[in-house]
Each structure stands twice: as structure tokens, then as C-alpha cells.
Amino acid sequence: MAALSSGSSAEGASLFNGDMEPEPPPPVLGACYAGSGGGDPAIPEEVWNIKQMIKLTQEHIEALLDKFGGEHNPPSIYLEAYEEYTSKLDALQQREQQLLESMGNGTDFSVSSSASTDTVASSSSSSLSVAPSSLSVYQNPTDMSRNNPKSPQKPIVRVFLPNKQRTVVPARCGVTVRDSLKKALMMRGLIPECCAVYRIQDGEKKPIGWDTDISWLTGEELHVEVLENVPLTTHNFVRKTFFTLAFCDFCRKLLFQGFRCQTCGYKFHQRCSTEVPLMCVNYDQLDLLFVSKFFEHHPISQEETTLGETTPASGSYPSVPPSDSVGPPILPSPSPSKSIPIPQPFRPADEDHRNQFGQRDRSSSAPNVHINTIEPVNIDDLIRDQGVRGEGGSTAGLSATPPASLPGSLTNVKALQKSPGPQRERKSSSSSEDRNRMKTLGRRDSSDDWEIPDGQITVGQRIGSGSFGTVYKGKWHGDVAVKMLNVTAPTPQQLQAFKNEVGVLRKTRHVNILLFMGYSTKPQLAIVTQWCEGSSLYHHLHIIETKFEMIKLIDIARQTAQGMDYLHAKSIIHRDLKSNNIFLHEDLTVKIGDFGLATVKSRWSGSHQFEQLSGSILWMAPEVIRMQDKNPYSFQSDVYAFGIVLYELMTGQLPYSNINNRDQIIFMVGRGYLSPDLSKVRSNCPKAMKRLMAECLKKKRDERPLFPQILASIELLARSLPKIHRSASEPSLNRAGFQTEDFSLYACASPKTPIQAGGYGGFPVH
């Protein structure tokens with residue numbers, strides 16, 4: 001540390017006293033200071049000296065970064081020097097700010113700031129060998145008292161925005177250009193990522209980074225320009241009355257009469273017109289532009305995409321930055337152009353390396369819905385936030401107790417057995433008949449009644465295997481699907497959690513959900529559902545490549561959204577929604593299946609339950625891949641998976657088909673660098689469906705819509721599509737199915753009209 005400080009001090013002394021003599025203040029800076037306070041002429045000189053000290057300190061920090069920045073584990077002496085220089089830089093910047101404010105106020109500042117000046121001077125002399133006189137106070141209090149106080153002049157930066165607009169932002173220390181201009185750009189429908197910022201130097205525009213400190217640009221003029229290959233258009237608003245369920249894109253409230261842009265589809269109330277973005281931005285092409293630029297400047301090496309063979313005992317994952325961050329994580333640095341890259345490879349846990357990316361599990365007809373215990377009020381709160389007023393009865397009694405709190409909790413088990421039915425029966429008469437009927441109802445409502453004894457199910461051929469079990473075709477009062485779960489010798493806690501989740505599954509009844517018929521615990525845990533004769537949506541789209549019409553594809557999406565809306569209304573999170581788990585009957589009726597319970601999908605340690613990565617990576621939301629939260633699965637994670645299903649429907653192919661590396665997909669999607677390419681959708685795909693797909697695939701979880709709003713949008717789209725009706729002039733006999741030979745049996749000559757004059761030529765006239 002001493003050697004490093006002495007070397008830095010020698011370099012600083014040579015910069016100030018040797019080869020690089022500090023230049024006098026520039027005329028612009030001196031004129032600005034002279035006109036601001038009119039005080040002692042030594043003040044601008046001191047400010048100039050402090051600026052030179054700041055510049056010198058930054059050069060030392062940059063030298064340290066160039067020397068040790070590329071090392072994963074830099075020496076401790078480097079970290080100590082780094083902290084010392086950054087703290088010194090903060091002190092110098094604070095002193096500069098005090099001088100500028102004092103010059104603007106025209107008040108006495110030498111006494112109040114002498115302590116800070118001495119501190120800066122002493123710290124500078126200890127490490128940089130700079131004379132304390134360079135930071136000494138030259139101001140005479142009596143001279144300042146003779147000047148009349150003037151209003152302070154705040155440091156500002158003038159900014160010229162696109163479309164001949166301009167604004168002024170304050171030049172605050174420690175605030176980046178991005179943060180200073182973010183609000184002004186958002187009000188104009190722009191984001192920093194689609195623009196470039198320039199500064200004017202010597203009559204030429206020179207680009208600067210968005211992370212540059214705005215205080216370094218005090219008094220300058222910045223120009224913000226839209227990137228060349230970012231498509232921007234103006235809105236095309238029309239007044240519209242929405243006779244079907246619609247929501248304002250700004251306030252998310254119900255919309256009946258308002259306006260709609262014919263280009264981008266933005267709809268809003270008249271009172272929300274002031275908040276509408278001024279430009280139409282094609283965010284789909286914008287995402288593609290960012291991804292292409294990222295691959296150009298940030299190639300992914302093999303080391304970054306390598307999966308770890310083992311996982312930590314805690315089940316946690318390495319930290320991954322949020323999806324809206326760009327670039328690898330870096331140490332904070334005061335220099336905008338230097339950073340310390342610290343590569344952190346993303347290593348998901350418990351991956352089976354034997355399964356290659358190209359090998360996919362066969363579809364099974366067993367449902368795979370995770371019962372994630374969410375309070376009934378949460379779905380209402382989320383729907384209210386999205387502007388949807390949900391209706392329906394309370395779901396009390398349908399929510400299971402959180403699996404993590406189940407073991408050893410007798411009160412939780414009792415609370416689960418409470419339901420509105422038995423409570424009403426207890427209020428009835430105490431006669432023996434009522435009591436017997438109450439017992440009958442209670443027996444029928446208990447989860448034990450859904451347990452199928454061992455030996456009643458005849459297990460047939462093996463259909464396929466999934467991530468957490470194997471599916472067989474069986475016989476139990478008809479054809480059923482039996483999914484044997486991969487749980488051997490379950491503990492009492494696991495068994496109780498499994499029964500609690502079954503208590504919720506047994507109450508699911510919907511036309512678009514596979515019917516749950518029962519479960520068994522011997523010889524192993526298994527769930528029994530109805531048998532589906534049709535094939536999965538994955539089989540139709542990617543195996544036999546069935547060519548569906550657009551109206552059929554939209555109807556499949558509508559039924560899927562309808563089934564998911566029902567599950568979410570029951571506080572059930574699917575967790576593994578994908579085209580393999582969506583089944584189509586011969587009449588194209590959608591059935592959502594593949595229930596994989598939380599008891600099976602979670603990792604148990606003793607009596608405690610931990611979440612683990614489950615499902616197929618192509619349908620996983622970024623927050624699920626990162627696994628930073630204790631329970632990343634939510635209604636919005638199902639919405640993201642539904643967005644991938646929409647992508648399959650509208651393109652006929654899987655996302656990221658151009659990337660063959662499974663680990664690279666996990667890495668890129670988890671960090672928010674990769675999104676499905678929406679430019680591959682079919683040419684006849686409606687714009688509303690494409691917008692809905694983009695909203696469902698938002699990288700930020702809270703920005704995705706919920707299924708009530710999704711279902712309303714798809715139903716509106718389905719009703720708006722043109723339909724070809726049967727011609728009214730078609731012969732009714734052909735519609736009845738008669739053939740040509742049916743008429744030949746009754747063939748007869750058709751009468752002809754007489755054509756002779758008068759019409760009576762064939763008859764004698766008397």
C-alpha cells in the first residue's frame with residue numbers, strides 16, 4: 001500500500017510540478033465564474049485547482065482499473081487504494097460543489113468550509129504529494145461581505161431532443177445522463193436505448209455514454225437523436241366506442257368510449273390523452289436490434305455457458321442481474337468509461353446432462369398443475385392493479401396451506417377441513433337424520449374419499465415419461481391416465497402436503513381442464529385423470545405439422561386462456577404450461593393437463609420444502625430461471641409460458657430455433673438478453689394478437705397482463721375476425737346430402753311452354 005501510494009504521489013507531483021504544468025482556467029470558465037458572484041478573483045483559481053485535482057484522481061483510478069481490473073480476485077492492496085481514491089474524489093467533488101454554491105449566493109464561505117478544505121488538503125498531501133496551498137482558501141471574509149448577495153445560479157445542461165424539442169436539466173453531481181433525461185424521454189414516448197446523446201466540442205458532435213456524470217457537462221449543450229434503424233412513426237388516432245370488454249393502456253381501467261391508434265393499437269380515455277406517448281415505437285424490431293448489437297459486442301464464451309455439475313447445499317443460484325440491466329455486473333466506478341468486469345457464469349441446479357436439448361419428453365395426459373398457496377385476496381388485488389374487476393364468489397376453503405408450514409402443524413390441517421358446506425350443516429337441526437346427513441356430506445367432501453385403494457386400478461401400457469413421473473394408460477371404471485410420481489418412501493410431511501394439494505385439485509371442474517379423478521398412495525404416489533384420446537398441441541405443431549387456419553389457432557388460444565383463467569381463479573399456478581401439456585380432442589377442444597404437484601417438484605430437506613428449477617426452459621420466465629426469489633412462480637410466470645405457446649401457434653415453430661446450445665439459452669434468457677423473434681409470425685396474424693404476445697413476453701414480471709384481461713382481448717379479437725357465411729342460394733337438397741343418382745330414379749320430362757302465336761295454335765278454334 002505504501003509503495004502504491006508513493007508511486008501515485010510521485011506521478012501526481014510530476015503532473016503538477018514537472019512535465020504537465022496546470023493550464024490556466026479557460027476563458028469560458030473564468031467568464032462564467034466572474035459573472036456569477038463578482039467576489040475575490042482567487043475563487044475561480046481555486047475551483048480550477050480542484051478540477052485539476054479531480055482529474056488527476058480519476059486518472060489514478062483509471063490506472064488502477066487498467067492494471068487490476070481484469071483479475072477476478074484482485075489483491076487487497078488494490079481494493080484499499082481503490083476505496084481511498086474514490087473517497088478522496090467524493091471529498092473533492094463536495095468541495096467543488098460548495099465553492100460553486102457559495103459563488104452563486106455571494107455569501108461568506110471560507111469559515112464554514114475551512115474544516116472540509118483542511119481535510120481535503122491533508123488527504124491529498126498524504127497520497128498525492130500535492131501542496132496544501134493548492135486547496136487553501138484564498139477568500140477574505142471582509143471582501144465577500146462588501147458584495148451584494150445575488151440569487152444563486154444553479155448548474156444546468158441544455159438538451160435538444162428529437163422533433164425540434166428541447167429541455168433543461170439540472171447538473172447534479174452523481175447523477176448520470178440517463179437518469180437526468182429519462183423522464184423527458186418517457187414523456188415523449190422514447191427510451192434511452194433507442195437514442196444516442198452527443199456533446200458539441202469544437203463545432204463537432206461527439207457521442208458520449210448514457211452513464212456519464214451529468215455534472216461534468218455543466219453549461220454544455222447536448223443533442224439527443226434517435227438511432228437510424230429504430231422505426232418511429234406518428235400516431236393515427238380515431239375515436240372508438242368499445243362495445244366489448246376493453247381497458248385503457250395507461251390507467252388500466254375499463255374503457256367504453258375513447259381513442260385508439262390505428263398503427264400501434266394504443267387505446268386510452270380522453271382524460272388520459274396527456275399521458276399518451278408522442279410517437280409510435282416498434283418495440284419488436286427494437287428488441288431484435290438490441291440483441292444483434294449485444295451479440296456483436298458481447299460474444300458468449302463457452303466458459304460462461306457451462307453448467308455446474310453440483311449445486312450448493314442451500315439450493316440457491318448465483319446472482320443474476322435483473323432483466324432490464326445490460327452487460328455483466330461491474331464494480332461501481334466514478335469513471336464512466338472504465339469498469340471492472342466480474343464474470344459470473346449462470347449455473348442452474350440439478351440438470352440432467354444426459355438429456356440433450358433436442359430430446360423432449362413425450363406428452364402425457366396427466367395434469368401438471370402446482371398448487372401454490374396464494375391467499376384468495378391476492379388474485380383480486382392483482383386483477384385490480386391490472387384494471388380488471390374480477391367477479392365471483394370467495395375461494396375460501398379452496399386454498400391449501402403453504403407446504404413449507406405444513407409439517408407438524410395440526411391447526412393447519414384442521415383449517416383445511418373447514419368448508420362452507422359443513423359449517424352450514426352445523427347450524428341446522430340436531431336431529432339424528434340431519435346429523436347422519438352431515439356425516440355423509442363430510443365423508444364425501446374429505447380428501448380421503450378420493451383415494452383409490454390398491455388393486456382397483458389396472459395399469460396398462462406405458463405412454464411416456466415426464467420430469468417428475470411416468471404416465472400409463474389404465475383401467476378404472478373406464479380408460480384413465482395414471483401418472484406414477486417419482487417419490488419413493490414419502491415422509492409423513494410429504495404425504496400430508498400431497499393430500500392437502502389433492503384437496504384443491506379435486507374441486508377443479510372445467511371444460512378446458514383435464515378431469516381429476518383420484519389418487520393412490522400404494523404401492524407409490526400416483527394421480528388418476530381422465531384419458532384424452534387426442535394428441536398434444538406440440539405433436540400437432542412440431543411433429544405432424546398440422547396446418548390450422550388462423551381462426552382455429554385463435555380459438556385454441558382462447559380455450560387455453562379460458563382454462564388458465566379458471567385455474568388462477570382457484571389460486572392454482574400451473575408452473576409447467578407448454579404445448580406438450582395442452583391436448584386437443586378430435587373436435588379441437590382444448591384440455592390443459594400434466595399436473596405435477598409441489599410435493600414432487602420441490603426438494604425436501606427433513607421437514608422443510610425448497611423450490612427448485614422445474615419445467616422446460618423454452619417456456620420458463622426469466623425470473624423463474626434466475627430463481628432469486630424464494631418462490632419465483634406466480635400468475636405472471638404462467639402468462640409468460642402462455643406467451644411462448646402463442647408464439648408456437650402464430651409461427652409454427654419453437655423459439656430460439658437458431659440456438660442449439662441449451663445452456664446458452666438459459667444464460668441469455670435468465671439475464672434478459674434474449675427474447676423470441678416476433679418477426680417470424682405468420683403474415684396473416686392479426687396485429688392485436690401480435691401485441692398481446694409481446695405483452696405476455698415482457699421481461700419484467702409486473703408488466704405482464706393477467707388472464708382475465710388476456711381472455712377478454714382474445715375474445716374481442718375472435719369476434720372481430722371476418723367470417724365467410726354459407727351462400728343462401730345453395731340448393732337445400734345438396735345440403736341434405738342427396739346425390740345425383742337419387743334424382744335419376746324419378747326422372748321425368750319437364751313441360752315446355754307453347755311458343756306459337758297467341759298461345760293457342762295447338763288447339764282448334766270454333
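Cβ atoms here come from the backbone N, Cα and C positions, even for glycine.
Per Swiss-Prot, compositional bias 'Low complexity' is recorded for 1-15 (among others).
Annotated region 'Disordered' per Swiss-Prot: 1-36 (among others), in sequence order.
Here Swiss-Prot flags 104-128 (among others) as region 'Disordered'.
If you look up Swiss-Prot, you'll see 110-128 (among others) marked as compositional bias 'Low complexity'.
Look at Swiss-Prot and you will find 155-227 tagged as domain 'RBD', backed by sequence analysis.
What Swiss-Prot lists as zinc finger is 234-280. Confidence in the zinc finger (234-280), given as mean pLDDT, stands at 86.
Per Swiss-Prot, the feature Zn(2+) 1 binding site maps to H235, C261, C264, C280.
DSSP classifies C248 (Zn(2+) 2 binding site) as coil under the three-state reduction. Swiss-Prot lists C248, C251, H269, C272 with the feature Zn(2+) 2 binding site.
Taken from Swiss-Prot, the feature region 'Disordered' covers 303-373 (among others).
Swiss-Prot lists 314-328 (among others) with the feature compositional bias 'Low complexity'.
Residues or ranges marked as compositional bias 'Basic and acidic residues' in Swiss-Prot: 348-363 (among others).
If you look up Swiss-Prot, you'll see 386-454 (among others) marked as region 'Disordered'.
Swiss-Prot lists 423-447 (among others) with the feature compositional bias 'Basic and acidic residues'.
According to Swiss-Prot, the ATP binding site annotation covers I463, G464, S465, G466, S467, F468, G469, T470, V471, K483, on the basis of sequence analysis.
If you look up Swiss-Prot, you'll see D576 marked as active site, proton acceptor, on the strength of sequence analysis. D576 (active site, proton acceptor) carries neither a helix nor a strand DSSP state and counts as coil.
The phosphoserine annotation in Swiss-Prot covers S750 and rests on experimental evidence.
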Could you state the whole-number distance in Å separating the C-alpha atoms of C272 (Zn(2+) 2 binding site) and C261 (Zn(2+) 1 binding site)?
14
Residue distribution over DSSP helix, strand and coil in the domain 'RBD' (155-227)
18 helix, 32 strand, 23 coil
Residue counts (helix, strand, coil, in that order) that DSSP gives for the zinc finger (234-280):
3 helix, 15 strand, 29 coil
